[in-house]
């Protein structure tokens, strides 16, 4: 039989249903359940304390897992509940759920409600102090969720070597609503992210700590219990979650801490001497929950999908290992002075007995060493000694039980002050060391951040240096290429100069021969050239005139043909004949042009008429649409009103018929009873009355009841009419309000969409304006470059023309040897002229483009100003709508707060005489309107408190509580 102080960790297994993505993927539902404690996966059974199927409700899970721990915590035991499993397996749903929904809320809100309900049912002599803390382990750093400025808290040990988080916020609470508000505040600061497997994936391990201290005001007995509620982040496989960047780093840290937890569980299950609690901060905090003084329950959450079968098996193996761990639990009780005295006496008697036993054994050992033979009756009897120790314990316990409660032995004031001073000094030293450690860690973080900044700056400088080096290399390469080109040009110029000198010498030699021949040739050639030039001019003029007339006719006929096709007539055809048909074509063209003018005028008139008709039709259509919308609105109002009135009339008619039938039946029964009573009275009193008199009396009574019934019906009908009118008015008012609200919502959506569209257009126009400004600057630079190039080419052309003119004057005629040099020069001149013409065309095109851009720029600026004005108007309208919404939200929040206060006051009135919860008030803290409460920071294994705690007693009196 196991020691009653030992208990194993309870392990519960829960399977969630298949989600939509798994159903869409066609995954199979793999678990098979056998009884309430066994699940079979892949043919292998796994046994736990309880297995929950997919259709298990939140309440059933809570009743099986956590309901018993509430009583244990309030009786002075420590408790821990945490959920373990793969990501998206339902851990946060199990631990938290929907915090404010009675059906879907998880373990944490239910256990908070049960703690206070249990306190309310306990003895009113008990006084409770309840503190809560809420923190998370994110990237292996402890963050306080109730104070976001505390981002790297440390784990310390108190005087009993129990780990705790130093510096975390501890908030006193006295109602379930305050605890839920604290949870909501902390949950808003948690790290969550979206992955491929979960839309709200927890990226940190959250721990919600409830610390309950109770004191019996009569016996002065004090108990304390801590409850850790842990929501672990899920283990992740990156190939399934698709984590990248910061989410990937978070996944690495999550898997690392969960691996440390698995190592601790394995070491505890195998019973090894060293347990690696210090491998992660999570296992360090939960050290007492795993193999220590705590009642622990683990809920392993599993996925039923075949897609996650490997992860599910790993989770189940973790649960089986954890089920073998044993914790040693004790009650956390603070002994009084009398109890300490009894314990001291008991230990003193035990020590005396053990000293006697040691003395006996030493004497016996010496006798054996001296060679004596110790008789059996003088040897040490172990069973007898144990019996004596047990008897001594029983005697001391009976004595303690029979001794009445007396005031404890108190220390003197001097000793007490000395102990307190020494304790304060030690705590102060510990706080100083902790503060120094925090400062050093903060300094290390700052230096690390500065080092990272310097590394980034160095990397950017290196990148800039590399870019500048590449640019310098490119410029050097271009410079070398330019130098090579200049060398080639200089060599070509030198060759040209040498050739030029040679040819000049030859020209001087041949000049004399050329002069004699040139005189004769000039005379004959002048006559021939004059005749040829006259003939050529005549031919050119004739051809030019013919070509011009032909082109004009062809273009005119082509335009007329296109116009005729557009109008609908194809009478004119182009002729490819000679000039003999020109007169005929002119005549036909004139006739067709006149016909086309008349048709175009009629078409213009018809077009104007159609445009006017279309404008009137559009106007009428708009009016009809407005009337139709108004009529539809009235119809919907009347239909809703008629429907509600019809239903109400039917209900009223049905109620009226039932009431009339009931009244008639009751009246008939009343008349019958009266008649029977009178008949019996007549028989008893032996009065002689005729049957006619009895009949008349009965009829009179029936008539009176009928009149009263008619009056009651008329009053009820009047009341029904008034109620109907009131209901009609209220329904009309409600309908109008709903329609107005819908109209405002539609208008708000339109304004919002218009604002977004205008913002987009404004951004596009701004980008277009920037591009045009850049293009203008580029054009300006290009114009300057082109102008410089043109001036250079013009100067070169002038120089070449002057040089050629002087050379031609010197050498009028050149022989066959001179033709090679002159041809090369002509080719070069023609090449330069072609380049000049191309540059001139480019310059003209750039000038035209620049002019077009300058013409278009004012229009765009005007449109930009109009868009900016429209955006300002929309922004003002949106600001007004937001202010109205903020006012409505403020009124709604005030109403909600008022209802909460009313419900809280009602609950307080309903509790009556029960156990009270102390709410400490500390100096220097301002009262707050929210349900949050003063915070304290743990330091050195406890907290310093120089003020008095005000406790509310049964009956409404207050009493200062000395700490």
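Yeah, the Cβs are placed from backbone N, Cα and C, and that goes for glycine too.
Looking at 281-308, 309-336, 337-364, the range annotated in TrEMBL as coiled coil turns out to be 337-364.
When the binding-site residues 88, 92 are compared by the number of other C-beta atoms lying within 10 angstroms of their own C-beta, 92 comes out lowest. Most Cβ neighbours within 10 Å, among the binding-site residues 85, 90: 85 holds that distinction in the structure as shown. Here the coiled coil (416-548) has a mean pLDDT of 79 out of 100.
The secondary structure of residue 90 (ATP binding site), as reduced to three states from DSSP, is coil rather than helix or strand. Counted over every protein chain shown, other Cβ atoms within 10 Å are most numerous around 89 among the binding-site residues 86, 87, 89.
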